[in-house]
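Data block below; observations after.
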C-alpha cells in the first residue's frame with residue numbers, strides 16, 4: 001500500500017506538534033517549580049545570580065509560550081484543548097494562593113484544613129491530622145511572595161477583560177484597532193522621536209524602553225502570529241478529510257448556481273423585432289413581460305432632454321450569492337440602457353439626477369457597511385474544526401498570568417526594557433487571539449476585517 005506524500009507531511013507535522021507541546025509544557029512546569037523553590041534559591045545566591053536566573057526564566061517563558069502557540073495552531077482535538085485549559089487553571093489557582101496576602105493565606109488554609117478536612121477520618125489512610133497543614137503547604141508551595149489585594153485585583157480585571165474580548169467581536173475589533181494602530185505605531189513612533197531627542201540632550205537611555213516595547217509587540221508578537229497563520233494554512237492543506245468535504249460543498253454550490261442560471265435562461269424571451277416594427281415590438285414586449293413576470297420585474301424611468309425623452313429600464317434579476325458558507329438568493333437591478341449611444345447633454349442630464357436606493361446594486365450590502373482595518377490578519381475559514389479558539393485564548397491568558405507573577409514578585413531585579421518586551425508581546429498575542437475567538441472561527445457572521 002503506497003502512502004501519499006501529503007499523508008507523510010501530515011504525520012511529520014503532528015510529530016512536530018507533539019515535540020513542541022512536550023517542550024513547552026516541560027518549560028511551564030519547570031517555571032512553576034522554580035517559583036515554589038524560590039525561598040531556598042534566594043538564600044543561597046546573591047543578587048547578580050538571582051537577576052541572571054530571573055532573566056533566564058523570562059527567556060524560557062518566551063520559548064515556552066511561542067512553541068506552545070505554534071503547536072496549538074497545527075490543530076487540536078476538543079478534549080485535548082479542554083485538558084490543557086483545566087491543567088493551566090489548576091496551576092494558576094495554585095499560583096494565586098501562593099501570592100495571597102499572609103492573612104488571607106492563613107484564613108484559607110485554616111478554612112480548608114481545619115474546616116473541611118477535619119470532618120473526615122484519615123486514620124485508615126495513614127495520614128495524621130496534624131500533618132494536614134504541611135500537606136497543604138507542600139501542594140500549594142507555601143506563601144512564597146505575598147501580593148497586595150490591589151495587585152491581585154488588577155490581574156483579575158485583566159484576565160476578565162481579555163476573556164470578555166474573546167466573546168465580543170465589537171470590543172475585540174475596537175481594542176485591536178487601538179492596540180495595533182494607535183499604541184503600537186502612532187504613540188510608539190511619537191515617543192521614539194521624543195526620547196531620541198531628550199536622551200541626546202540629557203544623556204539618558206529611555207529610548208531603549210520604547211524600542212523594547214516595539215520589538216516585543218511588532219516583531220515577536222506579529223512574527224508569532226504570522227507563523228500561526230502559516231501553520232493554519234499548512235495543516236488545513238494536509239487534511240484530506242476536511243479538504244474533501246470542502247470540495248464536495250463547493251461542487252454542490254456550483255451545481256446549484258448552474259441550475260439557477262439555466263432556469264433564468266429558459267425564462268428569457270429575445271425581442272428581435274423591436275427596432276423594425278412598432279406593432280411587433282409592442283406585442284413582443286407584452287409577451288415578454290408576461291413570460292418573465294415570475295423571475296424579474298422592469299422599472300422604467302424617463303429623463304427629458306430638449307424635449308427628447310430617454311427611457312431607462314432597470315430589470316430586477318435574482319442572483320445567487322454565497323454568504324457565510326451558505327447560498328442565498330438576492331434581487332439586484334440591472335440597467336439595460338445603452339449609454340454609448342447617448343450624446344453629452346443626455347449623459348449630463350442622467351448624471352444630474354438623484355440616485356434612488358433602488359438603483360444601487362450590490363452583491364452583499366453588509367460588506368459595504370463594514371470597515372477594513374490596518375494590519376488585517378485573517379485566519380483561514382476552513383480551519384473551523386481544527387482550532388478550539390476560546391480554549392486557546394484561555395490558556396494563553398494563563399501563560400501571561402504566570403509571567404506576570406514572576407515580574408511582580410521580583411520587580412526590583414528587572415529592567416524596564418525587559419518588562420516592556422513581555423508587555424508588548426503579550427498584548428499583541430492576546431488581542432489577536434481574542435478577535436479570532438470572538439467570531440472568525442465560529443459559524444457566526446464574519447469579523448469586520450474579513451469583509
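Using the three backbone atoms N, Cα and C, a Cβ is placed for every residue, glycine included.
Among the ranges 81-101, 102-122, 123-143, 207-227, the one that Swiss-Prot lists as transmembrane segment is 207-227. When Swiss-Prot is compared with the stretches 371-391, 413-433, the one noted as transmembrane segment is 413-433. Check Swiss-Prot against the ranges 148-198, 250-300 and you find region 'Disordered' recorded for 250-300. Record note: among 56-76, 308-328, 56-76 is the stretch given as transmembrane segment by Swiss-Prot. Non-local neighbours of the transmembrane segment (392-412) in the same chain are 28, 31-32, 35, 38, 50, 54, 57-58, 61, 64-65, 68-69, 72, 81, 84-85, 88-89, 91-92, 95, 99, 144-145, 147, 151, 155, 159, 162-163, 166, 419, 422, 426, 429-430, 433-434, 436-437; each lies 6+ residues outside the stretch with a CB under 8 Å from one of its CB atoms. Same-chain residues lying 6+ beyond the ends of the transmembrane segment (11-31) with a Cβ under 8 Å from its Cβ atoms: 57, 60-61, 63-65, 67-68, 70-71, 74-75, 91, 234-235, 238, 399, 402, 406. In this chain, the transmembrane segment (207-227) touches the transmembrane segment (56-76); three or more CB pairs sit within less than 8 A of each other, excluding pairs fewer than 6 residues apart. For the transmembrane segment (207-227), the partner stretch with the highest count of Cβ pairs under 8 angstroms, out of 151-171, 175-195, 413-433, is 413-433.
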